[in-house]
Amino acid sequence: MAGRVLPRAADYRGLRKSWRFDLTAGVTVAIVALPLALAFGISSGVSASAGLVTAVVAGFVAAIFGGSNVQVSGPTGAMAVILAPVVATHGAETVPLLALISGVMLLIMGLFGLGRVVSLIPWTVVEGFTLGIAIIIFLQQVPMAFGTTATVGLNPAIAALAAIGDADWAIAWQTLLMVAITWALILLLPKIHPAIPASLIGVIVVTVLVLLFSMPIPNIGQLPSSLPAPSVPSFDVATLGSLMGPAVSIALLAAIESLLSARVASRMADTGAYDPDRELSGQGLASIASGLFGGMPATGAIARTAVNVRSGGKSRASSAIHALLLLLVIYVGASLVSIIPLAALAGVLMATATRMVAGRTIRSVLRASRPDIFIFFVTAAITVAFDLIVAVWIGLIAAAIVALKHVADQAGVRREELPGDRVAGDERIALVRIDGAMFFGAAEKLQREFDQFTGIEVVIIRLSHLGGLDSTGANALVEIIETFENRGVTVLLKGLQPRHQQMAGAFGVRDALRDGRHAFDTLEDAVDHARSHIRRGPWQPGQGQPTAST
């Protein structure tokens with residue numbers, strides 16, 4: 001269990017060769033992460049300083065203890081989205097405690113090996129969830145873009161409309177112009193050269209313009225010039241109880257986002273596979289540490305991780321360097337960072353939101369099946385209208401129903417020809433094969449198909465192609481056998497697989513047969529026995545049990 005938490009020597013095996021690449025990547029990621037950390041801190045309803053502290057503390061701890069060699073962690077848009085309503089209800093002072101509680105939950109999930117479970121979430125649910133988050137992030141910036149403040153507790157869409165209606169256009173045109181300039185620079189500069197730190201340049205340009213023309217646009221404000229001393233947040237039992245629900249949602253979100261990011265990174269980089277359980281425990285420790293320093297819950301950040309990989313990051317050192325450079329900003333550059341206009345950060349987040357879901361992803365979804373399209377857009381809509389975790393659960397339920405329907409559609413009964421030369425009476429023998437899984441979603445369909453077989457005296461049911469058998473399927477098989485037997489049709493089973501024996505035995509599948517020996521391993525034996533029944537003539541219900549030879 002300790003192996004899912006403690007660092008390993010193998011984590012830094014190639015550092016002597018890769019340190020130059022890691023240094024370059026660390027600097028690049030820090031430049032990208034600075035405006036995002038500030039923006040997500042403000043967007044969550046906490047503060048810019050909390051976002052910066054989270055990027056430093058959680059970023060460093062996750063780099064050391066996480067399960068990916070190139071993952072970059074810190075505050076993210078999804079976490080800001082889920083924190084905003086919690087802050088509105090419980091206050092910003094509860095966020096460090098939330099980070100501690102959710103961090104402990106993540107640590108426990110990692111220690112108990114739950115990392116693989118998250119990989120079971122379908123692609124359409126993940127992408128729908130991501131689209132919903134992107135829409136919320138965009139809507140959350142609308143009040144800032146119009147120079148107003150959002151109404152606490154309102155849905156982001158309603159709050160955005162209210163902000164537009166309340167806007168003072170003497171100020172709003174200036175804030176909108178600064179947002180547009182930031183956004184345009186972020187979109188256009190990478191086309192000149194991908195290595196240009198577009199977000200940082202956009203923020204610097206807008207900051208200079210606001211100062212140069214003395215625009216009445218609010219800025220970040222005072223930031224701490226040092227890292228706060230670690231301390232356990234104060235709490236009482238009532239507060240702890242009220243925060244358990246949000247903490248569960250935060251832990252689940254952190255698990256989903258971190259593991260998705262680590263999985264993407266493992267496909268992008270040649271730095272080895274990631275350990276999902278260690279990633280969960282590492283992210284848990286990162287959030288715990290962040291909470292102790294007054295920060296927010298953290299997750300793996302897909303965009304910053306991608307920048308790390310593309311900039312040449314080879315080991316955990318690049319993520320650690322990025323965190324240390326941001327720490328340097330706190331001690332050396334806090335006064336400069338404090339004058340950044342909020343409109344510039346709104347532009348950064350709006351640009352980020354529009355790039356969270358690629359156009360090719362939307363096109364792929366629209367070309368997919370109607371159920372996939374439904375799951376994608378329903379998950380996105382519920383994310384915006386209600387809650388992120390509710391959206392994931394409903395998306396999972398919808399995906400499960402679609403998957404079960406697909407499996408049920410694959411299940412069926414196929415009538416086959418008897419092997420070998422035909423003999424007299426073969427027309428009164430039905431050889432049928434059950435394909436697919438016989439489970440609760442397909443049992444009724446299979447029963448209906450069996451009802452179509454008439455004018456026969458013996459039915460051989462081949463089970464060798466049966467993919468799965470659950471309790472409902474086993475019960476349905478018993479009912480099928482009993483229905484045939486009550487009609488005077490002898491049922492023979494062929495090829496009941498060892499993995500289905502326990503379930504079949506629990507529901508008395510063999511007991512439902514007229515004779516327990518009417519179960520065969522080979523098709524030849526089953527056909528020979530069926531033909532012997534035809535030669536003796538049909539058995540009628542109430543006639544008494546057949547002899548052992550039958």
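Quick reminder: no glycine exception, Cβ is built from N, Cα and C everywhere.
Predicted, not measured: the structure shown is a model, and the values here were computed from it.
Taken from TrEMBL, the feature transmembrane segment applies to 21-42, 48-66, 78-108, 120-139, 146-165, 171-189, 196-217, 237-260, 324-353, 373-404. Here TrEMBL flags 429-530 as domain 'STAS'.
Proximity of distant same-chain residues to the transmembrane segment (171-189), defined by a Cβ-Cβ separation under 8 Å and at least 6 residues beyond the stretch ends, is recorded for 141, 144-148, 196, 198-199, 201-203, 205-206, 209-210, 215-217, 341, 343-344, 346-348, 350-351. Taking DSSP states H, G and I as helix and E and B as strand, the domain 'STAS' (429-530) has 45 helix, 26 strand, 31 coil. Long-range contacts of the transmembrane segment (146-165) within the same chain: residues 85, 88-89, 136, 139-140, 171-172, 174-176, 217, 343, 384-385, each at least 6 residues beyond the stretch ends and with a Cβ under 8 Å from a Cβ of the stretch.
At the 8 Å Cβ cutoff, the transmembrane segment (78-108) and the transmembrane segment (324-353) share fewer than 3 close pairs (sequence separation 6 or more) and do not count as touching. In the predicted structure, the domain 'STAS' (429-530) carries a mean pLDDT of 86. Long-range neighbours of the transmembrane segment (196-217) within the same chain, counting only residues 6 or more positions beyond its ends whose Cβ lies under 8 Å from a Cβ of the stretch, are 28, 31-32, 34-36, 147, 171, 174-175, 178, 181-183, 185-190, 339-345, 347-348, 351. Counted as Cβ pairs under 8 Å, contacts with the transmembrane segment (120-139) are highest for 373-404 among 21-42, 237-260, 324-353, 373-404. The transmembrane segment (373-404) makes no contact with the transmembrane segment (48-66), as judged by fewer than three Cβ pairs under 8 Å among residues 6 or more apart in sequence.
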